[in-house]
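K.L.:
Okay, these came from Swiss-Prot:
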type	residues	note
ACT_SITE	ASP326	active site, proton donor/acceptor
ACT_SITE	GLU509	active site, proton donor/acceptor
BINDING	ARG168, TRP175, ASP176, ASN212, ARG221, SER222, GLN223, ARG292, ASP293, GLU294, GLY324, GLU525	substrate binding site
Amino acid sequence: MLNQKIQNPNPDELMIEVDLCYELDPYELKLDEMIEAEPEPEMIEGLPASDALTPADRYLELFEHVQSAKIFPDSKTFPDCAPKMDPLDILIRYRKVRRHRDFDLRKFVENHFWLPEVYSSEYVSDPQNSLKEHIDQLWPVLTREPQDHIPWSSLLALPQSYIVPGGRFSETYYWDSYFTMLGLAESGREDLLKCMADNFAWMIENYGHIPNGNRTYYLSRSQPPVFALMVELFEEDGVRGARRYLDHLKMEYAFWMDGAESLIPNQAYRHVVRMPDGSLLNRYWDDRDTPRDESWLEDVETAKHSGRPPNEVYRDLRAGAASGWDYSSRWLRDTGRLASIRTTQFIPIDLNAFLFKLESAIANISALKGEKETEALFRQKASARRDAVKRYLWDDENGIYRDYDWRREQLALFSAAAIVPLYVGMANHEQADRLANAVRSRLLTPGGILASEYETGEQWDKPNGWAPLQWMAIQGFKMYGDDLLGDEIARSWLKTVNQFYLEQHKLIEKYHIADGVPREGGGGEYPLQDGFGWTNGVVRRLIGLYGEP
């Protein structure tokens, strides 16, 4: 990837100097609360909270040895293994035998750990099924039932059934689940919607936020905050009344705004940045600054080539994972080098749009419950965020939303994340019209809309298209009256997925859509995954709206 040619169709937007020299960071507010920042889970009746230690914390040098030795092709495999005995006993045994001449690390791991189950090998698709039938038959395959928690496993037990994306992802994921839920609702699976609603509310109650996924190594970060959108979906589909989730929405908001009151202009703490004019906007963050358990070796290698303190790089890699866009030119100072990642220095347009939706949802539900003061407070917060986004993230010259580099005080790259303000109703009609023109000319292809217009070798860039981006673009443009563009994206995406399904009899995580011939999407840290939860969800919903392609 480092030698790959970067195609930049808009050089004016890429005037970013490569700066790999480390400087002391006066902008980050250091508070005592950052020590041991991860919340301790509570006990609830009927389901004991899971042990929150990560595999890296628990197995120490054994964990590093296994990951460094590449015993498994995928770095996620070992963190997902479950020990056959007390981890302390395993560690003691390892320390006793590791220096023996005939020590075999692979055999040691096989003797002391249960490997993760591989579910995908159990399912064979029927080529005679239509796309709709295929998706409806996949829901049981992607469903995981609540189970007694395996002692010392990284999997966090949940009280109800849930849907997983598929492939290597054998746990539920926060923002993936919203787009999966769209399809569940269309398939009439209100039972699963109720289960997943209960699970996410349970995680907020017990961990103070919804983690990236239900693994111990995901507890230190969240993902794009879409619980307010889930609550809206629950209300629309008669699954649960929105009022019952008001406290959960407030708790999630407190997580994202933690430390805001202590900040002065040009200072940041965790997820919050106070801008030069005193307004508050948010960034992605992870409370840990170590290599990710699930991508340990990849992170170590990336940090080696960064020219920066490793812990700083690890934090930015983790924050990039929290964004859901792992990885993309959006987070890179030099779009050809993952080692130049600076996620925590960008104010993302999509994150702040989702938080606008959260603030608006709290205000709306508070109004339904007659809580006038709370309603007024959160309407003011939503209005202030909308104004700040317009000041800092709206590029009036080009008619687009862009991320904002708050450390350099300049706009960053244009990507499909720019459509999220339309999806949540934050843009005005003039902004929506101008953005539609930019999307038509810069991101739209015969196969759907591209994640970005930059070819970097990262998976959230050109030539890839992703289901959640299609859905938000379709609905966002239609909400502002541009049915023509919304319908074009919808039919293009349905054609892409159906054409690939007819040839390969499967749905996948992402698609190569740059040239009108649907192919498997590439890039990223891991092989392409089949399944696939949010692709199934979005396509099933679109079939309900547009019919089978």
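Placement of Cβ uses the backbone N, Cα and C atoms for every residue, glycine included.
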K.L.:
With a 10 Å radius around each C-beta, find which of these recorded positions (ASP176, ASP293, ASP326, GLU509) has the fewest other C-beta atoms nearby.
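P.N.:
With the recorded positions ASP176, ASP293, ASP326, GLU509, fewest surrounding Cβ atoms within 10 Å: ASP326.
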K.L.:
Among the binding-site residues ARG168, ARG221, GLN223, GLY324, whose Cβ has the fewest other Cβ atoms within 10 Å?
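P.N.:
It is ARG168 that, of the binding-site residues ARG168, ARG221, GLN223, GLY324, has the fewest other Cβ atoms within 10 Å.
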K.L.:
Taking just the CA atoms, what is the gap between ASP326 (active site, proton donor/acceptor) and ASP293 (substrate binding site) in Å?
P.N.:
15
